[in-house]
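> Before anything else, here's the structure in question.
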Amino acid sequence: MPSYTVTVATGSQWFAGTDDYVYLSLEGTAGCSERHLLDKPFYNDFERGAVDSYDVTVEEDLGEIQLLKIEKRKYWYQDDWYLKYITVKTPMGDYLEFPCYRWITDEKEIVLRDGRAKLSRDDKTQILKQHRRKELETRQKMYRMENLYVNRFMHMFQSSWSDFADFERIFVRISNTISEYVMQHWKEDFMFGYQFLNGCNPVLIRRCTEIPKKLPVTMDMVECSLERNLTLEEEVKQGNIFIVDYELLDGVDANKTDPCTIQYLAAPICLLYKNLENKIVPIAIQLGQKPGPDNPIFLPSDASYDWLLAKIWVRSSDFHIHQTVTHLLRTHLVSEVFSIAMFRQLPAVHPLFKLLVPHMRFTIAINTKAREQLICECGLFDKANATGGGGHVQMVQKAMKDLTYSSLCFPEEIKAKGMDSKEDIPYYYYRDDGIKVWEAIKSFAEDVIHIYYESDEVVCEDVELQAFVKDIYVYGMRGVKASGFPKTIRTREKLAEYLTVIIFTTSAQHAAVNFGQYDWCSWIPNAPPTMRCPPPTEKGTVTIEQIVESLPDRGRSCWHLGAVWALSQFQDNELFLGMYPDEHFVEKPVKEAMAKFRKNLDEIVNTITERNKNKKLPYYYLSPDRIPNSVAV
């Protein structure tokens, strides 16, 4: 009678093993085997990290193996099991590998296909077609996408700090090199400007092509800040003026959840200048969107406390945009859209599922946790941030109009902001490193695409791919044409770009705006999560006491510090970009493409490491060895 050798690999993480009964059956083109109990006498099967082999004898030849079924049944108590993969050696000596790489919980049956990636057109037998259809039907019931809008989502320690030095009492205990440097230099204009390029929110600055009418800056105001003996208009024409506009915050309701503390928001406009040292420095700040006598334009030539408080207001506004739009919306929520669409529309055997699944690891789970603890009612946003109590929801709703496909295409977005010239803006490391990583990801995506799609026609005919793209457009972007998200993909070139957008967003973009939060936001005056006094409406009245009184109280400062520290930490056993220990792909050409990808990433790491040597402010957030594969924190 024909005999198959079945090898079962159990995961090596804690509690991966099981004492439950495990049954296996094989389904081939010529028939199905009976259910076999995988058990060896006097042996503890399926221990953590174990690789166990079993002989499975069948009465008749099964033909070509199509599916493998695993059933787990309770032995004594519920005992979850992490199954890595199963290999099957056929009576003819052929080897088939069935990747699983997931937890098997409860008493259920798991049906696996062999690891060779297949498009739907490649499935010829009814068995495989039916399995493919049932897998997606089950997933579509499990994963439901509402839309990108955030769903419906302090009476202790309300005393103020005494002065700036008082913040050090909670700061120095867990400080690091960059955060200490920020603490020492945060008042300086060069540090203020540098953060727009390489801080944790380096996405807002754009080259100013025309001074907006709502910011009536005159040459007399800024003449002492300009260094080239040119007029302000001439500096604009030469590309030396930059702008950051926080218009999105205009009209957003400030947090009113604590009746004991009135909190305030502002919507400032900040004008910046590239000086002769190629440093970006602020030259004018207006704290509201409507010019007028009660909305003065603050200048570096003003009284030092006036200018300092104006910069603090900009930094606070930047923090709110960063947390809610740059970080939450444009990485976490967008990645969740990609993740849910993938599970709903791409079966596990699809090459694009295998390509993307490492970049969706834990994303839905971490976003669920955020909804339960951070952005929910009485969550951290309500406790610590001026945008809590519903303001953050208003911000997401307003920011949706700017969430376009082109804005997620990294090189395109950098160019659209006029920030693409390395010669003109030499110290924009976010741009430089981001483009390198983007190109490496795109090259990898192209390599994988050319393995499975030999022509544009094959792309067009892949109904599962088209359903995936449509799912993102219809449910994620709510079918808004202005979003620029494609409804269909017709070419391999466009598919490569689309996959690059997904992988870059879920890995590199999230890393760039997440893991620097403690570095740049732990010194509270540099990133106040709330302000307790309204923006100043006239010059010459600000005192140091007023500044300190405006900053967050002790309780909110502690909430904030704990949050940015936690958000900046890598997960235990973090998987960084290019690390694919779960071998969803088994084909040699794809493994060669992965090796090439890792080599390209290693070269980027070496380049960044060399550049950062001896720098007081090293930029490493987009070094591939610090970019997790997915949004998991």
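Residue numbering: from 1, along the chain as shown.
Cβ atoms are placed via backbone N, Cα and C, with glycine included.
TrEMBL entries are annotated by machine, without manual review.
Per TrEMBL, the features are:
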DOMAIN    2-118  domain 'PLAT'
BINDING   Gly17, Asp79, Asp80  Ca(2+) 1 binding site
BINDING   Asp39  Ca(2+) 2 binding site
SITE      Trp103  site 'Essential for stabilizing binding to COTL1'
DOMAIN    145-633  domain 'Lipoxygenase'
BINDING   His327, His332, His510  Fe cation binding site
> Cα within 10 Å of Asp80 (Ca(2+) 1 binding site): which of the recorded positions Asp39, Trp103, His327, His332, His510 qualify?
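Near Asp80 (Ca(2+) 1 binding site), where near means Cα within 10 Å, the recorded positions are Trp103.
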> Measure from the CA atom of His327 (Fe cation binding site) to the CA atom of the residue listed as 'Ca(2+) 2 binding site' and give the result in Å, rounded to a whole number.
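His327 (Fe cation binding site) has its Cα 49 Å from the Cα of the residue listed as 'Ca(2+) 2 binding site'.
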> What residues, ordered by sequence, lie under 8 A Cβ-to-Cβ from Trp103 (site 'Essential for stabilizing binding to COTL1') and sit at least six positions away in the same chain?
Asp80, Trp81, Tyr82
> Is it possible to list how many residues within the domain 'PLAT' (2-118) are helical, extended or coil according to DSSP?
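Tallying H, G and I as helix, E and B as strand, the rest coil: 0 helix, 60 strand, 57 coil.
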> Can you work out the mean pLDDT of the predicted model over the domain 'Lipoxygenase' (145-633)?
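In the predicted model, the domain 'Lipoxygenase' (145-633) has a mean pLDDT of 92.
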> Can you list the residues of the same chain, besides His327, His332, His510, whose Cβ falls within 8 Å of the Fe cation site's Cβ centroid?
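For the Fe cation site, the extra neighbours are Thr326, Leu328, Arg330, Thr331, Ser335, Gln509, Val513, Asn514, Val631.
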> Quick check on the binding-site residues His327, His332, His510: which one has the highest count of other Cβ atoms within 10 Å of its Cβ?
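Sorting the candidates by Cβ neighbours within 10 Å, the top entry is His510.
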> An 8 Å radius from the center of the Gly17, Asp79, Asp80 Cβ atoms defines the neighbourhood of the Ca(2+) 1 site; name the other residues of that chain inside it, in order.
Phe15, Ala16, Thr18, Asp19, Asp20, Phe46, Trp81, Tyr82
> With every protein chain in view, how many other Cβ atoms are within 10 Å of the Cβ of Asp79 (Ca(2+) 1 binding site)?
16
> Tell me the Cβ contacts of Gly17 (Ca(2+) 1 binding site) under 8 Å, same chain only and six or more apart in sequence, or just say none.
Thr10, Phe46, Glu47, Arg48, Gly49, Ala50, Trp81
> Please report the distance from the Cα of Asp79 (Ca(2+) 1 binding site) to the Cα of His510 (Fe cation binding site), rounded to the nearest angstrom.
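Cα to Cα, Asp79 (Ca(2+) 1 binding site) and His510 (Fe cation binding site) are separated by 35 Å.
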